[in-house]
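Data first, discussion second: the structure below is written as structure tokens.
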């Protein structure tokens with residue numbers, strides 16, 4: 001008997017074959033690559049940007065604070081606090097408050113944040129001024145540094161003067177940037193820095209004014225700031241003071257962008273999932289088409305392993321290439337973010353290319369393509385070379401175990417990926433669970449749909465209608481795969497749309513319900529009448545005059561604040577115990593409030609225990625409900641109260657809202673100050689009234705909401721822009737997925753259409769059959785996807801974004817018909833070649 | 001003369017739904033080296049199944065096939081693939097060229113699988129022999145049916161096979177082109193000294209061979225030499 005040698009052409013031949021085959025299939029591989037590239041680009045850009053943002057915040061947190069840690073309070077420090085601070089060694093001090101500033105040589109006035117700063121500050125970062133020397137000179141020469149934008153707005157120059165309260169100081173420099181000034185607050189009340197010792201002379205430090213006292217500390221290299229925070233802060237909290245380290249500042253800044261970050265991660269997850277669906281549908285048909293070639297190769301002597309490896313190498317290379325392209329696109333996109341987010345971020349972003357994220361992008365690309373390709377690729381192992389002689393369907397029974405293994409690997413991959421994005425295994429599990437359930441439901445919908453059509457088949461319908469229906473359940477039908485792809489694509493896009501709405505709704509400014517657009521703060525009780533007269537003399541209305549009394553919680557249901565603090569098991573929120581509440585009294589509810597529980601008491605009638613109303617978030621954080629008793633310390637006088645009602649307050653409204661509201665008849669004689677509101681028609685009137693008020697009542701601060709509203713609106717527009725931008729990006733991936741999914745059915749349909757054409761079917765009959773079939777699939781897939789996304793968005797709103805969900809009509813009104821139409825158009829485009837060209841030509845062209 | 005293909009008591013059946021469909025019944029015949037051999041019979045008589053079994057493309061139910069001195073039942077799928085690569089050539093009714101490979105690449109594949117370093121050179125000379133050197137960089141879809149079958153012929157002879165199986169080689173071609181392809185097939189076969197086994201229902205073509213085996217309903221009905 002003769003001996004056989006085993007054929008071993010080597011790895012280079014496999015590479016050569018993979019390359020030759022891929023080169024000729026470029027067109028078909030493009031969709032496959034596009035899915036990976038877009039998915040990876042979204043992931044890389046979002047991850048890389050997020051990493052950069054975090055690094056930058058951490059790096060710049062010291063310069064943002066100007067020191068290693070601070071102790072601050074909104075009243076002069078108590079003896080105990082002074083003792084603690086002395087033991088730590090104060091390095092610098094600051095007293096700050098918001099006030100109106102006038103400019104003697106100019107007509108304008110401006111609401112500013114006055115910061116009296118001691119020598120030495122800042123210890124990190126710098127006071128950026130023009131001229132540079134002004135950063136030091138203002139201390140020696142008793143001058144002021146004024147925000148550069150204000151200088152520009154009011155057309156002022158260095159050398160002009162500024163009047164703050166009772167003192168007038170020369171402006172020594174324009175202030176470009178200073179530690180401790182945030183851009184958003186800075187836009188409302190731009191900073192003016194003066195020497196610490198001059199603060200007292202402004203005469204603006206009066207009872208009731210909102211004054212902030214801040215002490216700056218520089219720590220030794222070896223100081224453990226977290227430990228210091230843990231040890232000192234509880235002692236300070238008892239004295240109503242607070243220690244902040246630069247580490248917690250960076251954490252807080254990070255948190256401010258948490259929901260935004262969550263959304264971007266959701267975008268990344270969805271973009272990648274869409275990419276996976278795209279890959280799955282594109283590669284499935286691609287490999288199926290290769291099975292015949294595999295049979296030929298086996299016939300010519302290629303082994304199982306060789307024919308399998310040729311396509312595995314091809315797919316791995318495509319994944320690698322797409323990973324690189326996706327990463328490059330992601331990095332380019334990343335550079336777009338700071339431009340889009342200018343003014344919104346707390347720090348200046350110095351972008352760097354994160355090799356970790358790029359490497360992750362490339363690995364993701366390879367994993368995505370290999371894992372999803374493995375599913376159809378195992379089929380090549382079981383292709384019989386006999387297929388070259390006859391058409392033979394694979395039973396696939398041999399590969400069931402392998403397919404199960406691959407499915408487990410895919411789920412594991414998706415889980416690990418979502419964990420990498422979200423760093424929370426519970427979220428990741430629920431995300432994956434949600435996607436799997438969605439898959440199962442969609443598959444169920446498709447199966448039920450098919451069996452219903454079969455059972456109640458309308459035999460009396462016309463040939464065209466019957467044929468289009470038959471296409472849905474005949475052998476080799478595409479109903480399941482298309483409904484899955486269309487359904488899951490629509491589901492993800494629609495979920496993204498709903499959650500985008502969720503996030504934007506949270507940030508939307510409702511400024512239509514308030515007629516007041518100017519707020520006067522810190523009006524003393526004895527000034528109210530005259531201030532009102534001044535306003536009315538200018539033909540302006542006094543819309544509100546809200547009395548405000550400051551108080552602290554003394555005890556809750558008989559337990560003193562100190563007792564609660566010492567009780568380590570207490571879950572009452574700390575801010576309730578130390579916060580100085582600004583409380584008002586009135587006899588009716590305002591537009592932004594509604595009673596949730598209990599009864600609204602308009603007036604207290606000589607009762608010993610005062611019936612009050614608290615906001616639901618106060619009730620939640622203080623763990624109290626209707627009927628519970630809270631005692632308040634009103635500047636030395638203890639007042640026993642009982643919660644008569646809890647109110648739902650819409651804090652998002654631009655309105656003066658309160659956590660605690662007393663009834664009339666109790667606080668009228670307590671020391672208080674007032675907030676008054678009016679409405680000014682235009683900028684000129686606003687400037688006039690501000691000048692008069694500042695001149696006569698220097699302690700009164702004026703907030704021109706028209707300016708604030710436009711600034712906030714600008715910021716919100718930026719946020720919505722970037723959210724829309726990223727959502728659009730994912731939707732683009734979704735459309736490519738749809739294109740891929742519908743095109744996969746092209747090769748199944750084309751032969752049949754050609755056959756119909758050959759036996760005499762007219763163009764419009766072929767088109768009608770195709771159109772009806774794709775309409776059925778489009779309607780069913782997209783509607784199921786949107787309905788399922790309603791559930792997922794509800795869960796997201798509840799679990800991830802912690803907000804209420806009001807579904808928008810857009811997915812129903814635009815996505816549903818839009819996607820159905822898209823499916824229809826792509827489907828009809830598939831059939832157009834059949835109609836335009838002779839049957840044989842079509843068959844030959846489609847064979848490659 | 002040595003025997004290159006020997007079939008003894010061969011049986012083959014397929015599952016058709018719940019029933020078992022017997023395709024071939026007790027087939028016995030042998031093919032001598034360098035012989036031209038035709039298997040003829042009407043559609044559905046089992047001739048293509050027989051060809052598939054002879055070339056090791058399918059598993060035998062009962063009996064034995066010895067190809068080039070090797071018992072096929074003792075070989076694994078990969079060993080069968082090696083056997084085909086080293087000793088067998090194929091020509092199919094519908095050409096079965098790899099659609100994503102050019103003509104020259106298609107011809108070179110069996111040689112490359114052997115690890116032959118001069119695969120391209122040899123493929124080029126074979127394409128020249130079949131008169132297609134000017135079309136060597138074209139893809140199958142860019143070639144006519146006759147041209148595709150000529151490329152398939154070049155590929156079939158590229159590995160210097162000991163035996164070549166041809167399944168209805170003119171089935172997809174018009175009469176004139178079919179005639180040209182058959183002439184080329186016989187010329188190459190004679191030149192290279194290969195054993196040729198053709199499956200066909202065309203008696204004219206069968207009569208060009210030295211040995212005709214006729215099957216009907218899965219059974220041999222005649223086995224005779226033509227005297228050529």
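Placed from the backbone N, Cα and C atoms, the Cβ positions cover glycine too.
The domain 'MacB-like periplasmic core' feature in TrEMBL is assigned to A:30-233.
In terms of DSSP secondary structure, the domain 'ABC3 transporter permease C-terminal' (A:266-379) contains 96 helix, 0 strand, 18 coil. As annotated by TrEMBL, domain 'ABC3 transporter permease C-terminal' applies to A:266-379 (among others).
Annotation comment: TrEMBL describes A:724-839 (among others) as domain 'ABC3 transporter permease C-terminal'.
Annotation source TrEMBL lists transmembrane segment at A:29-50 (among others).
Per TrEMBL, the feature transmembrane segment maps to A:263-287 (among others).
Under the heading transmembrane segment, TrEMBL lists A:308-337 (among others).
TrEMBL lists A:357-383 (among others) with the feature transmembrane segment.
Per TrEMBL, transmembrane segment is recorded for A:403-422 (among others). Remote same-chain partners of the transmembrane segment (A:403-422), defined as residues 6 or more beyond its termini with a Cβ less than 8 Å from a stretch Cβ, comprise 43, 47, 265, 268-269, 272-273, 276, 360, 364, 367-368, 371-372, 374-375, 378, 396, 428-429, 431-432, 435-436.
TrEMBL lists A:428-450 (among others) with the feature transmembrane segment.
Residues or ranges marked as transmembrane segment in TrEMBL: A:479-498 (among others).
For A:721-742 (among others), the entry in TrEMBL reads transmembrane segment.
Feature annotation from TrEMBL assigns transmembrane segment to A:774-800 (among others).
Annotation comment: TrEMBL describes A:806-829 (among others) as transmembrane segment.
Panel annotation: around the transmembrane segment (A:428-450), residues 269, 273, 411, 414-415, 418-419, 422, 472-473, 477, 479-480, 483-484, 487-488, 491, 780-781, 784-785, 788, 792, 795, 799 of the same chain, lying at least six beyond its termini, place a Cβ under 8 Å from a Cβ of the stretch.
Non-local neighbours of the transmembrane segment (A:357-383) in the same chain are 32, 36, 39-40, 43-44, 47-48, 51, 272, 275-276, 279-280, 283-284, 286-288, 290-291, 294-295, 298, 304, 307-308, 311-312, 315-316, 318-324, 326-327, 330-331, 394-396, 398-399, 402-403, 406-407, 409-410, 413, 417, 420; each lies 6+ residues outside the stretch with a CB under 8 Å from one of its CB atoms. The predicted model assigns the domain 'MacB-like periplasmic core' (A:30-233) a mean pLDDT of 83. Listed stretches A:263-287, A:308-337, A:479-498, A:806-829 were compared with the transmembrane segment (A:774-800); the greatest number of C-beta pairs under 8 angstroms is found for A:479-498. Long-range neighbours of the transmembrane segment (A:308-337) within the same chain, counting only residues 6 or more positions beyond its ends whose Cβ lies under 8 Å from a Cβ of the stretch, are 14-15, 17-19, 21-22, 29, 32-33, 36-45, 48-49, 52, 283, 287, 290, 294, 297, 302, 349, 351, 353, 357-358, 361-370, 373-374, 377, 380-381, 722, 729.
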